[in-house]
Amino acid sequence: MDLKTAYYIGIMSGTSLDGIDAVLADFNSSPPSLLHTFYLPYDGELRSRLLDLNRSGNDELHRAAMLGNELARRYAEAVTGLLHGYGVKPQEVIAIGCHGQTVRHCPESGRGYTIQLCNPALLVELTGITVVADFRSRDIAAGGQGAPLVPAFHQILFKDSQVHRVITNIGGISNLTSLMPNGEVAGFDCGPGNLIMDAWCLRHTGKPYDENGAWADSGKIIPELLEKLLGLQFFSLSPPKSTGREVFNLAWLESYLSGDEKPADVQATLLQLTVTGIAQAVLTYFPDAAEIYLCGGGARNAALVAQLRMALSGRKVELTDRFGVDADWLEAFAFAWLARQVILGVPSSLPAVTGARGARLLGAIYPG
Ligand SMILES: Nc1ncnc2c1ncn2[C@@H]1O[C@H](COP(=O)(O)OP(=O)(O)OP(=O)(O)O)[C@@H](O)[C@H]1O
Ligand SMILES: CC(=O)N[C@H]1[C@@H]2OC[C@@H](O2)[C@@H](O)[C@@H]1O[C@H](C)C(=O)O
């Protein structure tokens, strides 16, 4: 294969459990370019089978392995959709960086584990393309959180020699990357993104998410509830830190509800929880940042963005779209880049972000 003209594919299916983002990327251009994109939504049945894995018992090991196979088939479908849609041949692709579906994340300072479900061997068989998978385990083995991993790619795309920038990804969970003009990079998960808002919205309106935060906007924030939710230890922990559905879930929310609250008021409070989690982290750790750039699906939530602008007044708050990098595809783009790093033999983790003992090659290669 002519490495000068070949491409990488990145596949991300994140903690929101909304579906699969697939991108075709070219790293021979400077800056790297995102050539094509393809989205394959999850159906309700797959989403609930994945959520059911949070409940132990009932042969969960078998169910997890079968879901790994099912996900590999869906990822292969996304690859086919991506390549066919644009007339690109599998032989033109060096590797697929496939994040997998996080179903457990328990880093526990180097003694724990993280699970991103996918059967990479099956994905190679179905696509004929080399697959890179399991990006997080090596960092955890080296004493790190295994997350967030995308700050290294944010650095490549968005660093500036004059301005202190913060990149804020609002996916299921929210995470920040600080890019100092002197080249220092920091980053950590700062709290919920969309995942609790989505779950509450589904339960009360039947819709998978609150479009533009309109429902939240129709409610009133419940200050006592917000205060209780913000009392969670995670918010006051110092970085490095990462989190997931194990911490932010409906059972946790319900433990603070009396049952008398109006559902729209709870939604307004959850939106504010996401905003406050992000704003407090920026103001505490990066008070000098002048520019904040948002990405992830939450960046499309107009009410959320408006509240964030208020909470971070005095700073420029915009979307990464401004740089020609679509906020919806940045994470999938990052996993194409992470795959390339391990194929080239270049460590891609940032110990200053994850807390690991050193930089490591991330991802296991399944040759095509
Ligand atoms: N117009 C919109 N209004 C409100 N919310 C939106 C809108 N568009 C997308 N979203 C939210 O974005 C979510 C999807 O975001 P994204 O794809 O970044 O999540 P993810 O891949 O699971 O992220 P991560 O891996 O970072 O957790 C949806 O579930 C929804 O909550
Ligand atoms: C364990 C896991 O899947 N973590 C995700 C999740 O979604 C957002 C946040 O929590 C971040 O830490 C991470 O994803 C991005 C892609 C990252 O590693 O940078």
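Note that the numbers count up from 1, one per residue, in the order the chain is shown.
From the backbone N, Cα and C atoms, a Cβ is placed for every residue, glycine too.
Taken from TrEMBL as is:
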type	residues	note
BINDING	G14, T15, S16, L17, D18, G19, I20, D21	ATP binding site
Excluding its own, the Cβ atoms lying within 10 Å of the Cβ of D21 (ATP binding site) add up to 24
Within the same chain, the residues at least 6 apart in sequence whose Cβ is under 8 angstroms from that of T15 (ATP binding site) are T102, G171, G172, I173, G193, L195, G244, R245
Most isolated by CB count within 10 A, of the binding-site residues G14, G19, is G19
DSSP says I20 (ATP binding site), in three-state terms, is strand
Candidates G14, T15, S16, G19, I20 (binding-site residues) with CB under 6 Å from ligand 1, in sequence order, are G14, T15, S16
Least surrounded, by Cβ count within 10 Å, of the binding-site residues L17, I20 is L17
Sorting the binding-site residues G14, T15, S16, L17, G19, D21 by sequence and keeping only those with a Cβ under 6 Å from ligand 2 gives G14, T15
Filtered by Cβ under 8 Å and at least 6 apart in sequence, the residues in the chain of S16 (ATP binding site) near it are G171, G172, G193, N194, L195, D198, G297
Cβ density check for D18 (ATP binding site), other Cβ within 10 Å (all protein chains) comes to 19
Apart from the site residues G14, T15, S16, L17, D18, G19, I20, D21, the 8 Å Cβ neighbourhood of the ATP centroid comprises M12, S13, Y42, G171, G172
